[in-house]
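Written out below as structure tokens is the structure these notes cover.
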Amino acid sequence: MITPWMNTHLLTFLVFAPFLWGALLLLFPERQAPLVKLLAVLGAAGVLAVGAAQLLRGQPDALGTIVLERFHWFSAVGIPVEYHLAADGLNLWLVILTVFLVPLTMLGTWNSLPSRPGTAFALLLMLESGMLGALVAQDLLLFYLFWEAMLLPMYFLIGVWGGAERRYAATKFLLFTLSGSLLWLVALLYTAGKAGSFAPGVMAQAVQALPGKVQGTLFIAFALAFAIKVPLFPLHTWLPDAHTEAPTAGSVILAGVLLKLGSYGFLRFAIPIFPDAARHFSLLLAVLSVAAIIYGALVAMMQTDIKKLVAYSSVSHMGFVMLGIASMTVIGTQGAMLQMLNHGISTGALFILVGMLYDRAHTRRIADFGGVALRMPVFTAFFMIVTLSSIGLPLTNGFAGEFLILNGTYLSGFHWGKAAACAATLGVLFSAAYMLWMVKRVFWGPANPDPESGTAHLHADLDLREIAVLLPLVVLIFWMGIHPQTFLTQSEGQVSRAILQAHAGEVKR
Amino acid sequence: MTITAGELSAILPLLIPALGACLLPLAALDKDQATVKWVRGATFFMALFCLAGGFFYITRLWATGAQPSYGAIRMDRLAQFAGIFVLVAAGLAVLQLWDHLHQEGWVKGETLSLLLFSAVGMILFVAASNLILLFLGLELLSLPLYALTATVRTRAKAFEGGMKYFITGAVAASSFLMGSVLLYGVTGTLEIGALGQALAARNPDPIALAGAALLLMGFLFKISSVPFHQWTPDVYEAAPHPISGFMSVATKGAAVMALLRVLGAGVPAPGSARIQAALALVAVLTLVVGNLAALAQDNIKRMLAYSSISHAGYILLGLVAATPAAYAGVIFYLLSYLVMNMGAFGILTCLGLVGDRTTFDDVKGQGWKRPDLAIAASLCLFGLAGIPPMAGFYGKYMIFKELILQGHVSMAVTGILASLVSVYYYFRLPVALFLEKPTAKAEREASERPAFRASLAGAALLVCGVLVVVIGLFPGTLYLSIASRVVADAFPFLR
């Protein structure tokens, strides 16, 4: 009974099972929190097991699609909206990253939420639904719905369980992202009205008939929404606030998956629908990306709070992703795909690690620490590995991604390619500087002598649960660094087709 | 004079609640302390029963597809939809009133009678195909509302609000009447259809234009659009919570639908481009004023009142687009607005907030006490803010899409920016409910107050919360089965 249904509705299951499970868990009273937490983790683990097993087993067809569900949903006011979900080369690994990170995050923050942890875990499950839905949605209105549906659980995660300035941060997050996506909705409705459909392929054809200026305006509206989510400099200001105020679980998911949806939106929708406009604005995108890389790194260097430092490093790393996309080459785009995964894993791991440190010391100020390596050697080992991957040490995941991106940018054929690649390399240098300097101040040297310091509160090294959370992440860090091909083959065909199409108009003109 | 079965079926949905409204004050006469509880229960049951009776007949008409008429009362699809809309809103209001009036300590049978009369007036307002009957409907819906606003007489604000509503409403009604007179003088007919044809046949002359403008003013007052909106926040604040909800939903809805009928018949034909431009201006101003004023409110009811002004703006944008699809979008919008706004006002009753204690401070941290109800109310507010996948998104979607297709991109952008602003104030209530700690004063007062139960109001709120999501998940079904059918059957001229 269940198995045939699952075979044909795998994606529906993946998208809605976490939501329904989360909604069910909300019904439990607060005093049952430990049970609710356990059920939530089991649910998320179940989704991971089913999702990973089924998706990795699936064989892609000629166009790269692995699983597909498609039927007519409704057509209010003439334009049909399709319930069209698909997992293909472009989103496969992002989907797996999502289902992988959610249970890990829950385990990693098992004891970090002081009040109502059950409700928070249920919200995480609901958030997972929104993210998975947005990742696999192929119809643009469907994508928009999931895109917006992600906001509410995250808003409450930050607003209820966050730090002292949580309401400010949550509201800023909500208004920033909404303001982008609402204007995008106008452009979306306009384009759909011209095309008579919300399917990206049909839209792309209709867009070709529009005057260049209109195409450009529409592309900017699309790009703005996605760039806010990424977030691209100078639209990034909501991110440090949201990251710093969010509870660990929120930060991990925010960095791990949510930000990726911005860059994914460029790859999946903005560039394929508006290839000419994308080429026209690629210089602007590249300049902003390089600015994000360097600016994010410089600001990270000045931070006194570890979590804020990691948050600004996100701005810098996501700048690399956007640079790879702006290069509009196969190598650069593949690098961006890989870097999205890298960032999800490395920065996610960093946020989990910072959360573990905070749970023990109740402070995140760099100056409050010193000599942590003496107190927590295992923790330090994990932190060092993740730090090195974040810096992009060869044989770790960070290196492979950044290398491909810089390579693609350099060879892009755009007149700005070489300059942008050189400037972005500075970012690699800076990231080594701020990360290692922070690690030096926090972990090495003599232990902080102040009896009130953070170091003085560190009484226990990682327990088994925490090691179990970090170990898979570290394995992935090396796997992706040593054999990135595992993660690149699925997307290769689709990316090269998309890039070819994006450049098709160039010859004509 | 005999009435045929068809004619009877046209007026039965009006007669049943009207009959109930006449009987209710008699039933509530008994003031014996021993039986008063039973009498109260009986009056509420009777009111619900009459509403359900009307609802039953009108849905039967809808199901069979019959569109009977009696004289100038035309029970067509539009009127049937209006009937369903108003009766459901009234039913939800009655459920909430039971709890609210008990909390206020002011349970009287007349309240329900007035409510039923008002509901009858609203249906009549939409069903009328003649200007005089339209005016009668307008008065029948308005007069009980003036009294309802001042129901809880012990509050100083109640009387003030009722008086304000009465005086401004009287001005609006007279302008409506004056407009009808001018149009009659120019064309010699009161029938809306004939009036439209007569106006279309002649050159626009100033008197007809003045008549159309005055008529329009009467409608805009009831829709509470700028610049006829000033009464709204004061009156909503003064009225009992469920009555405020009812006014915001049913009055606005009935007025919009009656306006649809009049506009659809082509009555403001004199220079209809000019009327259209005026509508566009009014719509944009309504959006801007309503949203900006709502931002500054500390009182939840005033915030909801200003937000209801801004919703009038969205609806008017749909009238500006003026295509069948946009009209259907307006109908859909009203439908989702019904559940969302009744739910939003419902939370006040469910939390037991009486009198002036309706500020954001009063609800801080209350969400964790009744999470189910607070979540339902939050869903309604997200819907009002137009956040998908809640119902409110699709009404806006349909209207904006038609606007964009008609080339009014800048108006769509204005509307979208307005709804962005609205997110900020709509989120203040969930934020207060869940994200903030109760004030010391509120906690002290809560411990002093006797415990309350709001089971009926709570049930109504839960229904609204569930519907907001269900409508959001299946917008297509509702659109096809209701909204587009209303437009297709009621506006043959649009095809």
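Just so you know, glycine gets a Cβ as well, placed from its N, Cα and C.
TrEMBL entries are annotated by machine, without manual review.
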### Query
Of B:373-391, B:430-448, which span is tagged transmembrane segment by TrEMBL?
B:373-391
### Query
Who are the chain neighbours of the transmembrane segment (B:330-353) in space, where the CB to CB distance is under 8 Å and they lie at least 6 residues beyond its ends?
81, 85, 88-89, 92-93, 96, 99-100, 103, 241-242, 244-246, 248-249, 252-253, 256-257, 260, 300-301, 304, 308, 311, 314-315, 318-319, 362-363, 366, 369-370, 373-374, 376-377, 379-381, 383-384, 390-392, 394-396, 398-399, 429, 433, 449, 452, 454, 457-458, 460-461, 463-465, 467-468, 471, 475, 478-479, 482-483, 486-487
### Query
List, by number or range, the same-chain residues at least 6 past the transmembrane segment (B:403-427) whose CB is under 8 A from its CB atoms?
280, 283-284, 287-288, 290-292, 294-295, 297, 303, 307, 310, 313-314, 317, 320-323, 326, 381-382, 384-387, 396
### Query
Between the stretches B:118-145, B:303-324, B:451-474, which one has more Cβ pairs under 8 Å with the transmembrane segment (B:78-98) than any other?
B:118-145
### In contact by Cβ distance (the transmembrane segment (B:243-263), the transmembrane segment (B:118-145); 3 or more pairs under 8 Å)
yes
#### Entry: Segment-segment contact (the transmembrane segment (B:206-223); the transmembrane segment (B:373-391)) at 3 or more Cβ pairs under 8 Å
no
### Same-chain residues near the transmembrane segment (B:373-391), Cβ under 8 Å, at least 6 residues beyond its ends
307, 311, 335-337, 339-341, 343-344, 346-347, 350-351, 366-367, 419, 422-423, 426-427, 429-430, 433-434, 458, 461-462, 464-469, 471-473, 475
### Task
With the transmembrane segment (B:275-296) as the reference, find which of B:165-186, B:243-263, B:303-324 contributes the most Cβ pairs under 8 Å.
B:303-324
